[in-house]
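Peer 1: Okay, here's the structure, questions in a sec.
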């Protein structure tokens, strides 16, 4: 389950791998301006509020980095205006044309990727959406040298196509089987079939099934090349014993082809039911027989009902795999050699919650992972960069390289030549921040914040950053997402800015003509914990007036609503156009605040995080007379929809007058096994059945009586099934509790196809609840 923002935009991901080419067709100078364009006197501009339609489209969405490092000094990217593929030289600071967009004119292109040697262009077209990350496309290969096209996979829809590193060889997956396509100097050579047991919707090779795609890999790929491209590790998922979810697809109104609804069946493991059986295989791509070796899971450590969490290559000869037990509180990290033998292991256990082991890094005989470590504070443990000696004795020594009450969110890279680790972490006491830090790999110095010295074009300190490093770490792209609109710069490893990639000047000019909400951050102590609160106030806020307040909730475990990335979604419309205070509250269970707060939600979803939303809102009403306690509402999507329904059910003192739950979980017995069991365990009397019953909204509908409640769901939701809302609706109807319900026919979890209707529907609901004039 992944949090949804207030608006969603589908962008094609152009994953471009290209070695430097010597043939230059033309040279293009990128605009390297740092300027902020001012329109005469910005202070005297006539400003207007945001329109609702602007907040769920891309009107105020910032451009970020649209390239891929292909060497330590070159980036390949797509020109947003022309569609041409260009290569940018960081040292020369100029771009050269690699492929003209006209080569794709014959296709409705969704994706294109250059081969590592730069001779071939893989073009994906005729896209069909899969699940959250997966797509199916037809593919054609364009030979740049001979200007010829070659269709692959018999022009069938292919689930995945990927170039091997360093070569012009290709892996593609058709009907859940893996194919290896070789190329030689003379062009296309031959295709070898790697697997033969794939069954559509049942047995998957090289691509994940639904639950692994959504909850574990968060990707459409389950193949991992060795650094030289000679070997391939691939995962297989056997869903034969996994039960199916079934829903109906109703089709286009009035279309004779849709006279009868179509059944949609998906293998979907719910809590306590059988999971897919996962296996991992290693294949030598340069062996004519494609010899395969099983990389067996360490059953002694993680049991037979285990999960495959991460696969990576340490070097040419070793695969490092992270396995977990089913409830994800025991992890075994295993080093395999090319014979499938276990060389070494690292065992990690979490006794008070769940594990969140991510990518590993290696440097001079040590391995570096992100692991919970004591902070020396009452907040408990935080995820830190932890170094292990790779010899791994019985009790391997570990060293915390980032001690303090800050949360390391991601390790970016290790600069092998200088022995420095780069990572992203929150600020001290600032869970909403994400900054780029570095620390020596030997721990000889304290960490240094790199992005804390970077200023936005408006002159503010960057407080929310991402970084993309070149292969050897000599340069990096820094994307500053906040507090101001995003801007993108290239730095060298001495942290000197060498180039401005994107300043979003047009977005900044548009924002100069819009009213923006005032932002108020505060800490509120509730239920023995400090909750973070962010209030968005109307631009013309007057303390002597009384305003309605709308709380937008998610509250899922290990998530945040309050981050310092700039966004211009629903909150800017409600504040500037409707004069409604908009609130985010991060209470117990939220991330970046230490293990005590994080794990307080463990095995009891729908309890403490919901109580904090209610208690903090009540305290805000008592603290500030300008918050109208008679006009306070709440809404959320997905887990936030669950939180909304549970808030209304538990709010016996009527802190909230109304709420909207979009695509909510109503009972965790209906949700998928991997996500739910991570936080709740099993729904059995021996384990945590009482916890599941306690968090079932349908058992609490009587306490929703007297509040305005709207329930919204798409009937084609493959993630949080329509069954969830129907179960809640049935309970409300049986109890004779009045509510409103909107069903979006055939729409999936994100409701992409009906966003205008969705937001106009919500706007009318808030107008009624808050006694506002109807805007639409």
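Cβ atoms are placed via backbone N, Cα and C, with glycine included.
It should be emphasised that the depicted structure is a prediction, and the values quoted were computed from it without experimental measurement.
Here's the feature list from Swiss-Prot:
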type     : residues : note
SIGNAL   : 1-25     : signal peptide
CARBOHYD : 44       : N-linked glycosylation site
CARBOHYD : 66       : N-linked glycosylation site
CARBOHYD : 329      : N-linked glycosylation site
DISULFID : 449-452  : disulfide bond
DISULFID : 462-480  : disulfide bond
CARBOHYD : 504      : N-linked glycosylation site
CARBOHYD : 577      : N-linked glycosylation site
ACT_SITE : 638      : active site, charge relay system
DISULFID : 658-769  : disulfide bond
CARBOHYD : 688      : N-linked glycosylation site
CARBOHYD : 693      : N-linked glycosylation site
ACT_SITE : 717      : active site, charge relay system
ACT_SITE : 749      : active site, charge relay system
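How buried are these features, and what lies next to them?
Peer 2: Counting every protein chain shown, the number of other Cβ atoms lying within 10 Å of the Cβ of residue 66 (N-linked glycosylation site) is 17.
DSSP assigns residue 329 (N-linked glycosylation site) to coil, not to a helix or a strand.
The Cβ of residue 449 (disulfide bond) lies under 8 Å from the Cβ of 435, 436, 437, each on the same chain and at least six residues away in sequence. In three-state terms derived from DSSP, residue 449 (disulfide bond) belongs to an extended strand segment.
Every protein chain considered, the tally of other Cβ atoms within 10 Å of the Cβ of residue 462 (disulfide bond) stands at 27.
Within 10 Å of the C-beta of residue 504 (N-linked glycosylation site) we count 20 further C-beta atoms, all protein chains included.
Residue environment of residue 577 (N-linked glycosylation site) contains 20 other Cβ atoms, counted within 10 Å of its Cβ in all protein chains. In three-state terms derived from DSSP, residue 577 (N-linked glycosylation site) belongs to neither a helical nor a strand segment and is classed as coil.
Just so you know, the Cβ of residue 638 (active site, charge relay system) picks up 23 other Cβ atoms within 10 Å once every protein chain is counted.
Reduced to three states, the DSSP call for residue 658 (disulfide bond) is strand. Here residue 658 (disulfide bond) comes close to 633, 634, 707, 708, 709, 710, 765, 766, 769: these same-chain residues lie at least six apart in sequence, with C-beta atoms under 8 angstroms from its C-beta.
All protein chains considered, the CB of residue 688 (N-linked glycosylation site) has 20 other CB atoms within 10 Å. Residue 688 (N-linked glycosylation site) falls outside any helix or strand according to DSSP and counts as coil.
The Cβ of residue 693 (N-linked glycosylation site) has 699 as same-chain neighbours under 8 Å, each 6 or more residues away in sequence. According to DSSP, residue 693 (N-linked glycosylation site) is assigned to a helical segment.
Proximity of residue 717 (active site, charge relay system) to non-local residues of its own chain (separation of 6 or more, Cβ distance below 8 Å) is seen for 247, 663, 747, 748, 749, given in sequence order. Classification of residue 717 (active site, charge relay system) by DSSP places it in coil, neither helical nor stranded.
Classification of residue 749 (active site, charge relay system) by DSSP places it in coil, neither helical nor stranded.
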Peer 1: On the three-state reduction of DSSP, what should I expect for residue 638 (active site, charge relay system)?
Peer 2: coil
Peer 1: For the disulfide-bonded residues 452, 480, 769, which Cβ has the most other Cβ atoms within 10 Å, all shown protein chains included?
Peer 2: 480
Peer 1: Return the member of 66, 329, 577 nearest to residue 462 (disulfide bond) in space, with distance defined Cα to Cα and candidates limited to these glycosylation sites.
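Peer 2: Closest by Cα distance to residue 462 (disulfide bond) among the glycosylation sites 66, 329, 577: 66.
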Peer 1: Run through the Cβ atoms and count how many others sit within 10 Å of the one on residue 749 (active site, charge relay system).
Peer 2: 23
Peer 1: Using a 10 Å cut-off, grab the number of neighbouring Cβ atoms around the Cβ of residue 329 (N-linked glycosylation site), all chains included.
Peer 2: 18
Peer 1: From the Cα of residue 504 (N-linked glycosylation site) across to the Cα of residue 66 (N-linked glycosylation site), what is the distance in angstrom?
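Peer 2: Computed Cα spacing between residue 66 (N-linked glycosylation site) and residue 504 (N-linked glycosylation site) is 13 Å.
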Peer 1: Given the recorded positions 452, 480, 504, 577, 688, state which is nearest to residue 329 (N-linked glycosylation site) when distance is taken between Cα atoms.
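Peer 2: Closest by Cα distance to residue 329 (N-linked glycosylation site) among the recorded positions 452, 480, 504, 577, 688: 688.
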Peer 1: Among 480, 504, 577, these being the recorded positions, pick the one whose CA is nearest to that of residue 688 (N-linked glycosylation site).
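Peer 2: Looking at Cα distances from residue 688 (N-linked glycosylation site), the smallest one goes to 480.
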